[in-house]
Amino acid sequence: MEKNMKFPVVDLSKLNGEERDQTMALINEACENWGFFEIVNHGLPHDLMDKIEKMTKDHYKTCQEQKFNDMLKSKGLDNLETEVEDVDWESTFYVRHLPQSNLNDISDVSDEYRTAMKDFGKRLENLAEDLLDLLCENLGLEKGYLKKVFHGTKGPTFGTKVSNYPPCPKPEMIKGLRAHTDAGGIILLFQDDKVSGLQLLKDGDWIDVPPLNHSIVINLGDQLEVITNGKYKSVLHRVVTQQEGNRMSVASFYNPGSDAEISPATSLVEKDSEYPSFVFDDYMKLYAGVKFQPKEPRFAAMKNASAVTELNPTAAVETF
């Protein structure tokens, strides 16, 4: 990272004191110019975070590692000779919290892990909604505006992608996760504080998102770019593989409900809206097949229903 480019870290405890204005300004600057920021003193118990980290890493060793190695062999990735651009070097499973939890349906998760993840998910849900209200305040929107938009008639969707990025013998040959923007609303990431790998694209350069103990990394999805009429941006990010260390990632996605109507907030449109209006589920159906392609054609396609098929969506993506 360049010396004059300091990744934004926000201490949420300062919102309650004399430094509130400066803290709100830091959040706004991060949303406008980075699409990412890291938060500390966020209210999540450190012992719960430690428990989630330990259980996630233990679960990988006991339940996921062999499956990952089998996948490598089945796809011929156990002996990389040429660069691979259509597969990610990651082991994942998904937890859905809202509208209805699937935790009890995940058979290889222990009861203790299930209980901890349920607690963690609820706390992250509340944190996500608090953060959305902070964005509303910075944007001059009424408190609760973003939460109301996300709600639709069925409530928001909220889920967690639990990932491990094992050591890769040839990191130059394959990405842990290919570059993309996130389709949804606001993302809260609890990442490994020892093994790095997450990068975002800023001003043409890939910038490391620094591992920081007990922090939560926040990034904005495509829906917030649309609602803010481009004032805030979703940003390309990726995970690079490492030769040493198994990187843990617990990413929780607070997204609009399937029938939520997404459009630029009227107060943020000065002349003509730069972004389309659509139903969130329609956007997700498009995104599923073009996740690793630029976002701009997706926005353009949503303005013209006939153009959606031209992007040829084929792949599946977890929408929780």
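Placement of Cβ uses the backbone N, Cα and C atoms for every residue, glycine included.
Residues 111-143 are the range that Swiss-Prot records as coiled coil, among 78-110, 111-143, 210-242, 243-275. The Cβ of HIS180 has fewer other Cβ atoms within 10 Å than any other of the binding-site residues HIS180, ARG247. Taking the mean position of the Cβ atoms of HIS180, ASP182, HIS237 as the Fe cation site, the remaining residues of that chain whose Cβ falls within 8 Å of it are ALA179, THR181, ASN219, SER234, VAL235, LEU236, ARG238. Summarised by DSSP class, the composition of the domain 'Fe2OG dioxygenase' (156-256) is 6 helix, 48 strand, 47 coil.
Residue density at HIS237 (Fe cation binding site): 24 other Cβ atoms are found within 10 A of its Cβ, drawing on all protein chains shown.
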